[in-house]
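**Student:** Here you go, one structure.
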Amino acid sequence: MGKFAVVLGSQWGDEGKGKVVDLLTENAAAVVRFQGGHNAGHTLVIDGKKTVLHLIPSGILREGVECMIGNGVVLSPEALMKEMAQLEAEGVPVRDRLRLSESCQLILPYHVSLDLAREQARGKAAIGTTGRGIGPAYEDKVSRRGLRLGDLFHRERFAAKLGEVLDYHNFVLQHYFKSEAVDFQQVLDQSLALAETLQPLVMDVPERLRELRAQGANVMFEGAQGTLLDIDHGTYPFVTSSNTTAGGACTGSGVGPLDLDYVLGITKAYTTRVGAGPFPTELFDAMGEHLARRGHEFGSTTGRARRCGWFDAVALRRAVAINSISGLCVTKLDVLDGLETLQLCVGYRCGDAEFSVPPAGADAFATCEPIYEEMPGWQESTLGVTRREDLPVNALRYLERIQEIIGVPVDMISTGPDRDQTIVLRHPFE
C-alpha cells in the first residue's frame with residue numbers, strides 16, 4: 001500500500017524543502033503543491049547543476065513523476081509560462097506531466113500593483129512581502145471576488161468579472177495609494193492569450209488523488225514557506241497569506257486528512273528568517289555573518305540576505321505539534337562544521353517569566369529572549385557524509401539532543417546541496 005506524505009518547512013521557510021522533495025520523489029508517483037504561489041523558491045542541485053523552481057512542483061525533474069498544482073495555490077499565468085519555458089529549454093517535458101486545478105485563484109497584474117503600493121505606503125513598517133501579488137490574490141479569494149483559472153476558459157465571463165474587480169482595485173490604487181490605474185484591455189488580452197496553452201493542463205486534482213490512493217501509489221505534498229509563516233499559526237502579521245501547515249495540504253488539494261500517512265518537518269541545523277518579524281535567536285555579530293556566509297543565505301526568490309541565528313527548539317516544538325510531524329529532516333548540518341561551541345535555544349525569557357512554548361502574536365514574541373544550552377561543536381567535515389556512523393561524535397550528540405527536546409525522531413540529515421548528500425534513517429514512503 002502506498003503512502004501520502006507531506007513535506008513542509010518547520011521554521012520561517014528556506015529550510016531546504018526542494019532538495020528533500022526531489023530526493024524522495026524517486027519513490028513517488030506524484031507531487032502536489034497545495035499553497036502559496038511563485039513567492040516560493042525551491043532550489044535543487046542535481047549532479048552539480050542548480051535549478052530554482054518557484055511554482056512548479058520539485059518532482060518535475062524526476063522522469064515519470066506527475067506534478068499537480070492544487071486549488072490552494074494562487075497561480076500567476078505569466079510566471080507559470082515563464083517557468084515552463086525555462087524548463088522546456090533544458091529538455092524537461094513539462095506539459096506531459098504538469099496538471100492544474102481549475103479552482104486555483106489567478107494572480108493578475110493589479111495584484112502586483114497593489115502589493116507594491118502597500119509595501120511602499122507602510123514604509124519602515126513594511127512586512128517584507130516578495131511583491132508578487134500573493135497577498136492581494138488571497139484577499140480576493142476570501143472576499144469572493146477573485147478570478148479562478150477555470151474562468152479564463154470562458155471569454156465573456158472572464159471579461160465581465162475582470163471589469164468588476166478591476167474597477168474596485170483601480171479605485172483603491174488611484175484614490176488611496178495615488179498610483180497609476182491598471183489597464184483593463186491589456187490585462188484581458190494578456191490573460192486570454194494564455195488560455196489555449198493552459199486549458200489542456202487542467203485536471204480534477206481531488207479525483208486524481210483518489211485514483212492514486214486506490215492504486216496504492218506514493219504521493220508527496222510539497223509545502224512552501226514554513227510553519228512560522230502560517231497565516232493563522234505564524235508570527236502574525238509578519239506571515240504569508242496561506243496555511244503553510246499540514247492541514248493546508250488537505251484544504252489546498254482536496255485530499256482527506258485521514259489519507260495523510262506521514263509528515264516530514266524540514267529544519268535547518270540553525271535558524272534563518274527573511275524579511276521583518278520577531279526572531280529570538282537572531283545573531284547580530286560575527287557568528288551571524290559566518291552562518292550567512294557558510295550557508296549561502298540569500299533568498300532564491302528575492303535575493304535578499306537572510307537573517308541568521310542559533311537553533312530554536314522552542315519554535316520547532318510548536319511546529320511539531322501544529323503539524324503532527326512524524327519525523328524531522330535536519331538540513332545544512334555541514335554549515336556548523338568547525339565551530340568550537342553551539343547554542344541551542346531551549347526556552348524563552350519574557351520579562352520575569354520563562355516559557356517553553358512561543359507566545360501568541362508578534363508583539364509578545366518580539367519581547368522574548370532566548371535561554372540557551374551550550375553544546376560542543378566539531379572540527380571534522382560532515383559535507384557529503386551519507387552514513388550516520390560516519391558523522392562526528394559531537395554532531396551526533398547535537399542531533400540527539402534536538403531529537404530529545406523536540407520529541408520526534410530525526411529521520412533524515414542533509415549534509416550538502418546535492419540530492420545524494422543525504423543520510424536517510426527512515427524513509428517517509430517505507
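Note: Cβ is positioned from N, Cα and C throughout, glycine not excepted.
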**Student:** Can you pick which of Thr25, Thr51, Thr235, Thr240 Swiss-Prot lists for the same IMP site as Asp14, Glu15, Gly16, Lys17, Asn39, Ala40, Gly41, His42, Thr130, Arg144, Gln225, Arg304?
**Tutor:** Thr240
**Student:** Tell me which of the binding-site residues Gly13, Gly41, Gly303 sits in the most Cβ-dense spot, judged by other Cβ atoms within 10 Å.
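**Tutor:** That would be Gly13, with the highest Cβ count within 10 Å.
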**Student:** Look at the binding-site residues Thr43, Thr130, Gln225, Thr415 and tell me which residue has the greatest number of other C-beta atoms within 10 angstroms of its C-beta.
**Tutor:** Gln225
**Student:** If you pair up every Cα among Asp14, Glu15, Gly16, Lys17, Asn39, Ala40, Gly41, His42, Thr130, Arg144, Gln225, Thr240, Arg304, the residues annotated as binding IMP, what's the maximum separation in angstrom, rounded to an integer?
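**Tutor:** Between the outermost Cα atoms of Asp14, Glu15, Gly16, Lys17, Asn39, Ala40, Gly41, His42, Thr130, Arg144, Gln225, Thr240, Arg304, the distance is 34 Å.
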**Student:** Whole-number Å only: compute the distance from the Cα of Thr415 (GTP binding site) to the Cα of Asn39 (IMP binding site).
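**Tutor:** For Thr415 (GTP binding site) versus Asn39 (IMP binding site), the Cα atoms are 26 Å apart.
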**Student:** Return one of helix, strand or coil for Leu333 (GTP binding site), based on DSSP.
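**Tutor:** Its secondary structure by DSSP: helix.
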